[in-house]
Amino acid sequence: MSTFWSGYIALLTLGTIVALFWLIFATRKGESAGTTDQTMGHAFDGIEEYDNPLPRWWFLLFIGTLVFGILYLVLYPGLGNWKGVLPGYEGGWTQEKQWEREVSQADEKYGPIFAKYAAMSVEQVAQDPQAVKMGARLFANYCAICHGSDAKGSLGFPNLADQHWRWGGDATSIKTSILNGRIAAMPAWGQAIGEEGVKNVAAFVRNELAGLPLPEGTDADLGKGKEVYAQTCAVCHGQGGEGMAALGAPNLQHASGWIYGSSLGQLQQTIRHGRNGQMPAQQQYLGNDKVHLLAAYVYSLSKNPEQVAKQ
């Protein structure tokens, strides 16, 4: 900001405060010391305005507000290029400096705790109740918006509290997913196999692989669906539908792990148009130590205490 505009803003601001002080005291000079029956000539629905001074507390509130404004402008930037003299902020307060200061204080306080758990394996951290509580708080802040407060997911977002893992449910895979994120793509097969192929494959997957009944009146050829599946789907999902963690291809034998729904119509929609999903990387936001705690919490969700203790 140029010197001219800085001075203009400062002069206008301070001049306004001075004018308000003058106005308050100038209008107070002619007031009577006590109450009076004299009215100001204003009447509204039978209510008349008397010529009495403001209550003292009201007057002092005006003064206090102006004094607060002056102190604020001394401590914080508000008068053009003036940076303020708030203690603890070299060169004046800014919201960035306040954020950096608070982060630094938090790192100083909690850093040793995170470092202690980072030196342990994810499996070991998952057995520590205090660490799991810390991980749960991190999960609530950073993960619950997609996966839900109970970590059971929703349509398009996987359940983290069951045994179905697209990218692997071991501690290393979970931590890698959180650190680096995951990008998955199910290609659209509608044009390649046609509408009949879509219906046949969907029926085969639901009935033969997942063992779910087909709706009454379903018009589909399971034999042809199996053939098309072997030609186009097995390369990712496996001949038996066991899935492939390296590609994030889900296990088709367990419908409870299908994040886009298991109805015949939803399966057809997935095969016909494909699906795209992305788990954002959290390393730049949380850092390795916090991700380590978070991974331990997620790891503990699908493991009962006995299973965790055996690791």
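Here the Cβ of each residue, glycine as well, is placed from N, Cα and C on the backbone.
Pulled from Swiss-Prot, these are the features on record:
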type	residues	note
TRANSMEM	4-24	transmembrane segment
TRANSMEM	57-77	transmembrane segment
DOMAIN	130-209	domain 'Cytochrome c 1'
BINDING	Cys143, Cys146, His147, Met279	heme c 1 binding site
BINDING	Met186, Cys233, Cys236, His237	heme c 2 binding site
DOMAIN	220-302	domain 'Cytochrome c 2'
Cβ packing number for Met279 (heme c 1 binding site), 10 Å threshold: 20
Non-local residues, at least 6 beyond the ends, that sit with Cβ under 8 Å of the transmembrane segment (4-24): 59, 62-63, 66, 69-70, 73, 78-82
Nearest recorded site to Cys143 (heme c 1 binding site) by CA-CA distance, among binding-site residues Met186, Cys233, His237: Met186
In three-state DSSP terms, the structure that Met186 (heme c 2 binding site) belongs to: strand
Packing count at His237 (heme c 2 binding site) (other Cβ atoms within 10 Å of its Cβ): 22
Secondary structure at Cys143 (heme c 1 binding site), reduced by DSSP to three states: coil
For Met186 (heme c 2 binding site), the one of Cys146, His147, Met279 that lies nearest, given that the binding-site residues are compared by Cα: Met279
Residue from Cys146, His147, Met279 whose C-alpha is spatially nearest that of His237 (heme c 2 binding site), among the binding-site residues: Met279
